[in-house]
């Protein structure tokens, strides 16, 4: 693996008595000691991973949610294993619990392949945009310190951070160590309107990364303002809910655990009604299904937060299908199949990422395989990177012939993780298949960027990959799942082609080397729209933060790996607590 910081070493000035208290309480039938540490006013003593206010604020917000979910946790249970993996990085993922998602049987009448003549006939096309992870910082201050000690800079945290008092002044249009200013956001919307006037897909994450001081009121205002800016730009938007929209971050309870996310669903449904009306599910679970006007295309927007490893509500009273979300997706896809509609699935988190719960990803993949003739594209964000994932009918034998679907994962606008970017898809008007993808970037190294960003075409998927695959793709053909599998074969066999892909992943910014095991791991990731197959192995004590010690972006880090993951994970390392927890877990499982 690449781009992951080394495991942190215990601080020399660690409160040894407090470590002992935590260690002694970590017995198989109780996690009270750890729970107390999550809600203690002094839980950040000796923790050097973040500024004290960052650590305290994060635990104040996230600690109670984690404690509530884990109070009755029994070590040795599957839920405990998953928690041990996702929060502490101490365990391997347990096997997926077998479950067959109830879906109607395949209809004998299948949808005709309307795209069969594309190799010889030039189709009628239109353009749509896809942007993601804008992470707007309303407190961004031009001239403030862009090289601060917190996970996100360009704010006047202290007098020393204020304009005129620092050596790293933030420019008016953004910095790689900071959230995005509103000026950059509006600049991108102007470009999208110019390049793709038909409609745009937005795959979530509006709120900035200052997760230690979020609030319902603040998040509500930021969400409403961002969608207001999109509307003012004249964009037709199909949006989805990201994990950062919630306060505390990630903590969206499923329906059976109460209405704690109702404020968020209300804010989103109110923002979306300009474009989609008022479907009931938008207020119930933050999802919707609508037909694009005057077309045979249906947009189904899903809430991937119901399947997110760092949504700690999901560890309490575990359900196979929280909020009956997967069943709702099945129902909507089945109605679309009956009507002969084509479907775009829109969500925030790609289901093949290590952030997706294995069981949920497996069940979701069953649905994708069942409705592969109806789903013509899946669109996600979350990773901040420019890449894709392939779904297969047989993950034991991943070939072009059994590739059934593609997840298109858009790069982020926020400069934290690369050059600000968005995608433009060329779409067949008759079939809604994707014919090409152009990625546009604003080069922050351009001397004119801080005067006015210029959004330029970075590359075309068909131009850079079309000649690499065997057989080569014709100019009028769709970018099919088989095509994308063949792209991975080319990347696997051609180091130069892989290096070019790797550079494009962050839009050419801060590119770490990747060869050998790293390259194999990346190819595995591309061939895994089901998270249990993505080759990710948890590592004890690693840092999954947005920035490393010198501000570099971790290429393996998905957006939303919370500061709490780092802070609480560091508690587990102190005075051999890591070894103790592993020992107790093995004992409780009978693996002595």
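Including glycine, each Cβ sits where the backbone N, Cα and C put it.
Nobody curates TrEMBL annotations by hand; they come from automatic prediction.
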Of the residue ranges 1-21, 22-42, which one carries the region 'Disordered' annotation in TrEMBL?
1-21
So TrEMBL lists 205, 348, 382 for Zn(2+) 2; which of 165, 166, 243, 311 goes with them?
243
133, 135, 205 bind Zn(2+) 1 according to TrEMBL; which of 325, 358, 384, 387 goes with them?
384
Tell me whether residue 243 (Zn(2+) 2 binding site) sits in a helix, a strand or coil according to DSSP.
helix
Mind giving me a neighbour count for residue 153 (disulfide bond)? Other Cβ atoms within 10 Å of its Cβ, every protein chain shown.
26
Assigned element (helix, strand, coil) containing residue 153 (disulfide bond), judged by DSSP:
strand
Residue 348 (Zn(2+) 2 binding site): nearby recorded positions from 133, 148, 154, 205, 514, Cα cut-off 10 Å:
133, 205
Which one is closest to residue 243 (Zn(2+) 2 binding site) in space, judged by CA to CA distance, out of the recorded positions 133, 154, 384?
133
